[in-house]
Each structure stands twice: as structure tokens, then as C-alpha cells.
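What TrEMBL says about this protein:
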type	residues	note
TRANSMEM	12-32	transmembrane segment
TRANSMEM	52-70	transmembrane segment
TRANSMEM	82-101	transmembrane segment
TRANSMEM	113-132	transmembrane segment
TRANSMEM	139-159	transmembrane segment
TRANSMEM	197-218	transmembrane segment
TRANSMEM	230-248	transmembrane segment
TRANSMEM	260-279	transmembrane segment
TRANSMEM	291-315	transmembrane segment
TRANSMEM	335-365	transmembrane segment
């Protein structure tokens with residue numbers, strides 16, 4: 001990681017900050033047995049608020065790509081150094097994902113190959129290449145092609161060993177491909193398929209391309225009010241299209257269905273439109289500081305908080321009853337469960353975790369230190 005200072009679109013940073021804060025919130029309950037339903041993923045089909053977090057982040061990756069690479073593309077610089085930078089950044093994200101996912105044992109026979117950070121790395125790489133090499137008008141066609149292609153693959157291609165196309169968790173085409181290529185290197189929560197698997201990366205790139213198209217719009221010469229209105233309008237249209245498509249290709253995060261891309265992309269557009277209107281049009285900024293702190297060091301806080309979360313499981317201490325328990329269990333039981341009901345204690349633990357990392361990131365923020373991968 002390197003330290004850098006950079007001018008940014010403020011509302012985009014706030015959107016990123018809200019997204020990463022929610023990501024940390026849902027990843028760090030006090031107890032996985034006691035979680036409010038909006039803070040859980042849908043069991044399979046459907047979409048909860050938690051299922052919005054990752055597509056929102058990939059959408060933001062697409063918007064950011066336009067802001068960071070437009071000048072280089074428009075001035076027709078030699079792109080070889082840019083390609084090297086893209087490879088380096090993507091590889092760093094993938095490596096960080098493996099370091100976090102395998103910590104601390106790094107069992108090479110079972111370490112998870114896919115994951116959140118590896119998916120961000122892969123999606124960023126292809127999204128940036130597409131932005132650099134393909135015209136805006138053609139990106140619309142490419143996006144449509146990718147979503148329709150994935151729909152066709154998942155609903156028309158027979159699954160080896162099963163025989164009929166289906167969208168069930170363990171017998172769909174994406175799950176078969178993950179098992180065939182990656183074997184034991186899948187998410188431990190399922191072991192036989194991965195929510196960040198190979199085939200579902202195709203529509204995940206589509207999520208980022210929706211962000212690219214939004215980035216083009218934000219960089220246009222239109223006035224800010226017009227930008228806001230049309231982002232909101234297209235967001236609602238996409239939500240409606242995703243909802244209708246859901247009847248044929250269900251909204252599903254686990255296999256990142258095309259309807260899920262369209263539906264969550266619409267919600268992301270509406271959410272960004274609200275942030276843009278409040279911050280960049282109405283100049284209402286009194287509430288943004290915590291989210292700005294998170295948004296300007298998003299990857300750093302995600303990685304480091306994930307590392308800390310794992311350490312809290314690994315460190316063992318003796319409880320008042322004489323049992324040896326994980327430090328996280330001790331903190332949850334002694335400082336939260338003693339004062340709240342189990343579900344509220346679990347939520348308060350997660351909120352405290354967020355506040356702790358808000359303070360740690362504030363120490364960097366106050367010195368204008370932004371850690372860039």
C-alpha cells in the first residue's frame with residue numbers, strides 16, 4: 001500500500017463510506033445466532049439490505065474508474081504504464097483477499113481462491129480495460145450482452161452430472177464450474193459453491209459497468225440538478241426492470257443473477273442521486289464526516305477490520321466461569337450480553353466495532369493520509 005492525497009467527488013466518497021460501514025456492520029455481529037433479519041443475507045432468492053452492500057461497492061468502483069482514468073484516456077497517453085498499474089492494483093487486491101481469507105493458518109490445500117477482495121480486483125481490472133478501450137455507446141451494448149449471456153448460460157445450458165438447467169444452490173451451472181475448477185478452494189460456508197465464483201463474475205462486471213455509465217453522466221456538462229433528476233429517474237426504471245426480470249431469472253446474490261444486477265444497480269443510482277443532491281447540490285454536509293472518514297480509506301479499513309475480527313476469534317482467554325473462550329466471546333458476553341437482550345447485544349457489539357474503526361481511521365484522516373492499494 002502507498003500513501004496518497006487525492007481530490008474526489010465528495011458525494012461518491014460518502015456513498016462509499018456508507019457502503020463500507022454497512023459491510024463491516026453485517027460482517028461483525030456479536031453472535032451469528034442473533035442477528036436482525038435486515039442484517040442477514042437472503043437465504044437464496046430475494047434481496048435484503050445486506051445484499052445491497054457488495055453490488056453498491058462494485059457500482060462505486062465503476063464510477064471511480066471514470067474519474068480516475070478519463071484524463072489518461074482522453075489525452076491518448078501511452079497506455080502500457082496504465083496497464084501495468086491495473087495489473088499491479090488488481091493483483092494486490094487479490095493477494096490481500098488471500099492473505100485475509102487464509103489467515104492465520106494458510107492451508108494451501110483448502111485456502112479460498114475467490115472472495116470479496118479478489119472479486120473487486122478482477123472486476124476492477126476488466127472494468128478499467130473496457131473503459132479505456134470501448135466507447136461509451138458500445139459499453140451499453142456490452143453490458144446488455146453480458147447480462148443476457150449469463151441469463152442464457154444459467155437457464156439454458158445443461159449441468160454436467162445433473163442434466164437439466166436449474167438455479168438451485170448446489171446444482172446450478174456456476175456451482176458445477178466452481179467445484180470443477182477450484183475443488184476444495186471454495187467458501188467454507190458452502191464448500192460446494194462460492195458466492196464470488198467464476199461464472200458469476202461476468203454479471204458482477206456488469207454491475208461495475210453501470211457505475212461507469214453513471215460516471216460518464218456525472219462528468220458531463222449538464223447542470224447538477226439535471227444530473228440528479230436523471231440519475232433518480234433511471235434508477236427507478238432499472239429497479240422496475242430488475243423486479244420484472246425477477247419472475248424469469250430470480251433476484252439472487254449468491255449467483256449474482258442479471259435481474260439482481262439491474263435491480264441493485266437501480267437502487268445504487270437512486271442512493272447516489274440522493275447523496276449527490278444533498279451534498280453537491282444542496283451543500284448539506286453537517287452529517288457526512290463519519291462516512292467521509294470511512295470512504296477515503298475503504299479498502300484499508302475493510303482489510304484491517306477483517307484481520308482484527310479474525311484475531312478476536314483466535315486469541316483465547318479464561319472466562320469468569322473458568323472456561324477457555326475466544327476473546328470475542330468474552331467481550332460479547334461480559335460487556336454486551338450482560339446489559340442487552342441477545343439480539344441487541346449482538347447489534348451493539350457490531351456498532352461498537354464500527355465506532356472503534358471510525359476512531360482508528362480518523363487518526364489517518366486528520367493527517368490527510370489516504371491509503372491507496
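Even glycines carry a Cβ here, placed using N, Cα and C.
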Which of 52-70, 113-132, 230-248, 260-279, 291-315 contacts the transmembrane segment (335-365) most, counting Cβ pairs under 8 Å: 291-315
Recorded stretch, among 52-70, 113-132, 139-159, maximising Cβ pairs under 8 Å relative to the transmembrane segment (82-101): 113-132
For the transmembrane segment (291-315), distant same-chain residues with Cβ under 8 A (at least six beyond the ends): 1, 8, 10, 12-21, 23-24, 27-28, 57, 93, 96, 100, 103-104, 116-117, 120, 326-328, 331, 353, 357-358, 360-362, 364-365, 370-371, 373
Folded-back contacts onto the transmembrane segment (139-159), same chain, C-beta under 8 angstroms, at least six residues removed: 130-131, 165-167, 171-174, 176, 199-200, 202-203, 205-206, 209-210, 212-213, 248-249, 255, 257-258, 261-262
Recorded stretch that, among 12-32, 52-70, 113-132, has the most CB pairs under 8 Å to the transmembrane segment (260-279): 52-70
Stretch in 12-32, 113-132, 197-218 most in contact with the transmembrane segment (52-70), if contact is a CB pair under 8 A: 197-218
Chain residues in Cβ proximity to the transmembrane segment (197-218) (below 8 Å; excluding those fewer than six residues from its ends, i.e. six or more beyond): 9, 55, 58-67, 114, 119, 122-124, 126-127, 130-131, 136, 139-140, 142-143, 146-147, 149-150, 153-154, 173-175, 177-178, 181-182, 186, 227, 230-231, 238, 255-258, 260-261, 264-265, 268-269, 272, 276
Sequence-remote partners of the transmembrane segment (12-32) [C-beta within less than 8 Å, at least six residues beyond its ends]: 39-40, 49-50, 53-54, 56-57, 60, 63-64, 67, 271-272, 275, 279, 288, 290-296, 298, 301-302, 305-306, 309, 328, 332, 336-337, 342, 345-351, 353-354, 357
